[in-house]
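J.: Sharing a structure, written as structure tokens. Questions coming.
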Amino acid sequence: MGLLERLRKEWFILGIVLVIAVARLEPAVGVKGGPLKPEITITYIAVSAIFFNSGLSLKTEELTSALMHVKLHLFVQIFTLVFFPTAIWLFLQLLSITPVNEWLLKGLQTVGCMPPPVSSAVILTKAVGGNEAAAIFNSAFGSFLGIVITPLLLLLFLGSSSSVPFTSIFSQLFMTVVVPLIIGQIVRRYIKDWLERKKPPFGVISSCVLLMIIYTTFCDTFANPNIDLDKFSLIVIVFIIFSVQMSFMFLTFLFSTRDNSGFTPADTVAIVFCSTHKSLTLG
């Protein structure tokens, strides 16, 4: 395989590196309140575009079939909202006796209590040919569950409580996830023949939107360089996050591919991404 062909195949990974580098050079462009207005363009427009895109590309029977796959949904939601935060809490009990910054550990527990991601799991599942319909359902359903369950988990594991704007979060998720998906399905009915004939690059479009989300996220990160944290704690946390992510992805892969699991390879892809990734939006 030639270099050019390899670069073309791995364009998304290269795109991630590029947008992070650009965000590092000029973070003011993509920060909240900046010229790109990510609080509108990303929170509403980009996420809506992803689910409209999915509604347009998915056959209605695929979505219906995904709704009936109760075993997969139970696996994802229990792993994400029960096993994941509990395992992190047990792990952090060991880390609490180390010199790692206390607030980083609390941040790790907070992330562990989040539901499945709204957009990234869907895009990554679609990119590698997984069960996109199942990923969409679990992303949406998990986000709605998270409105109630995540605050309870934070209260249980951190002893922290706060007022949660249930109505505004619910309406935002409904308008940016459910409504665009339904509209996409309606539009698909009228242009179905054209879509099957032309085969638009839905996966590429969604991946480009995800790159935008990654870019604005890192702009916010790099725009705040005065975080009072020691380098040792940061390095340790990065290593921990990488290790936890890889371990949980391997664990979900192992469970979903065992004999008599009842999951197809496409289901396994959706399970791995939905169960081990966490929602930045709800966070």
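Keep in mind that glycine also has a Cβ here, set from the backbone N, Cα and C atoms.
Not my notes, these are from TrEMBL:
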{"type": "TRANSMEM", "residues": "12-29", "note": "transmembrane segment"}
{"type": "TRANSMEM", "residues": "41-58", "note": "transmembrane segment"}
{"type": "TRANSMEM", "residues": "70-91", "note": "transmembrane segment"}
{"type": "TRANSMEM", "residues": "103-124", "note": "transmembrane segment"}
{"type": "TRANSMEM", "residues": "136-157", "note": "transmembrane segment"}
{"type": "TRANSMEM", "residues": "169-190", "note": "transmembrane segment"}
{"type": "TRANSMEM", "residues": "202-223", "note": "transmembrane segment"}
{"type": "TRANSMEM", "residues": "235-255", "note": "transmembrane segment"}
J.: Using Cβ atoms only, state whether the transmembrane segment (12-29) and the transmembrane segment (169-190) have three or more pairs under 8 Å that are 6 or more apart in sequence.
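T.: Contact between the transmembrane segment (169-190) and the transmembrane segment (12-29): absent, because fewer than 3 Cβ pairs are under 8 Å.
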J.: Please give the sequence-distant neighbours of the transmembrane segment (70-91): residues at least 6 beyond its ends with Cβ less than 8 Å from one of its Cβ atoms.
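T.: That would be 108-109, 112-113, 115-116, 131, 134, 137-138, 141-142, 145-146, 149-150, 153, 157, 244, 248, 252, 255-256, 262-263, 267, 270-271, 274-276, 278.
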J.: Mind checking which residues of the chain, 6+ beyond the ends of the transmembrane segment (169-190), have their Cβ under 8 Å from one of its Cβ atoms?
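T.: Sequence-remote neighbours of the transmembrane segment (169-190) are 43-44, 47-58, 60, 63, 118, 136, 139-140, 143-144, 147, 282.
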